[in-house]
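Worksheet: one structure, shown below.
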């Protein structure tokens with residue numbers, strides 16, 4: 001009798017724990033973030049294609065899209081473009097691009113975007129006209145409020161000297177942020193040196209004109225928007241009743257996938273003090289951009305991984321990054337066929353690499369694990385909504 005009672009108590013405890021685990025999973029906030037990096041966006045473009053393919057298999061749904069699974073999708077520069085592609089609705093209110101369309105987009109349009117050189121020593125390297133043209137064709141008149149999930153796309157206003165973050169959740173307080181997606185995408189991609197800044201206007205709640213003078217979102221996030229995306233997700237969790245159980249900064253109920261565009265920081269291009277002492281302003285400007293992006297990517301990953309580990313939630317954060325780019329693959333604007341093929345190889349090879357030196361798990365295996373969590377969570381939410 002005592003044994004039977006003990007078994008029943010044990011079963012009850014297991015069921016209670018399982019129920020709690022599923023409840024936690026159902027209320028988990030999911031975040032996808034993609035770095036900036038120009039044509040190197042091909043590298044992270046490989047990752048969403050793999051992940052979306054896994055979700056389609058698990059849910060037996062060829063129409064499954066990443067926007068169906070992530071609460072917040074954010075990016076800067078080329079990552080902002082990727083964000084818009086998978087969250088902007090078509091005429092059927094589905095993402096106008098599947099994840100498998102990302103890499104072909106770069107192959108089709110990259111050579112034209114990075115080909116219209118101004119030929120001027122002073123001024124941007126490219127005129128940006130083709131980039132704006134293709135963004136207008138693809139995104140139409142769609143505005144932020146129409147995005148299929150919460151977005152977080154960064155830019156920097158050189159007139160006000162402040163970052164500008166385009167999100168759906170900010171529109172009630174700041175309706176002037178409800179800009180057209182093509183204006184936002186050009187702005188977040190308008191990297192100093194490469195493209196001209198972008199000027200456009202919207203309107204405030206009282207109808208007054210609101211002016212933007214924007215450059216690349218990497219100026220605001222220094223290339224890695226993961227912290228920004230995580231901040232937007234935290235605010236969403238605090239304001240949305242669906243996530244009422246989540247406390248501020250409770251990373252146990254956050255799932256973050258952060259995609260990098262690759263870095264050569266370990267360390268293809270290094271310098272000595274003797275070499276750098278001979279540099280002029282232009283050489284320093286180019287080197288500082290490279291160093292700053294590499295350092296920011298490392299420090300952002302270090303901070304986020306430390307916080308998740310401190311909360312015993314390290315499996316809820318996955319940073320997918322290639323740290324050993326070399327040759328032409330390090331260039332943001334080499335859109336030659338040969339280099340783009342190399343970038344595809346980098347992305348495909350990355351899937352087979354271990355996540356870290358301390359873990360045998362490959363990125364491919366980690367993404368399958370994330371796909372299972374995303375799939376289960378979506379089903380739990382659907383079941384909860386049906387009651």
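Note that Cβ sites are derived from N, Cα and C of the backbone, with glycine treated the same way.
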In Swiss-Prot, of the candidate ranges 24-29, 30-35, 36-41, the one given as motif 'GXGXXG' runs 36-41
Pick from 65-69, 70-74, 75-79: which range has motif 'GXSXG' per Swiss-Prot? 75-79
Pairwise Cα distance for residue 326 (N-linked glycosylation site)/residue 216 (active site, proton acceptor) [Å, integer]: 24
Give me the Cα-Cα distance between residue 216 (active site, proton acceptor) and residue 115 (N-linked glycosylation site), rounded to a whole Å. 19
Taking the Cα atoms as reference points, how far is residue 115 (N-linked glycosylation site) from residue 77 (active site, nucleophile) in Å? 18
Per residue, counting other C-beta atoms within 10 angstroms of the C-beta, which of the recorded positions 77, 115, 326 reaches the highest number? 77
Report, as a single number, how many Cβ atoms besides its own are within 10 Å of the Cβ of residue 216 (active site, proton acceptor). 28
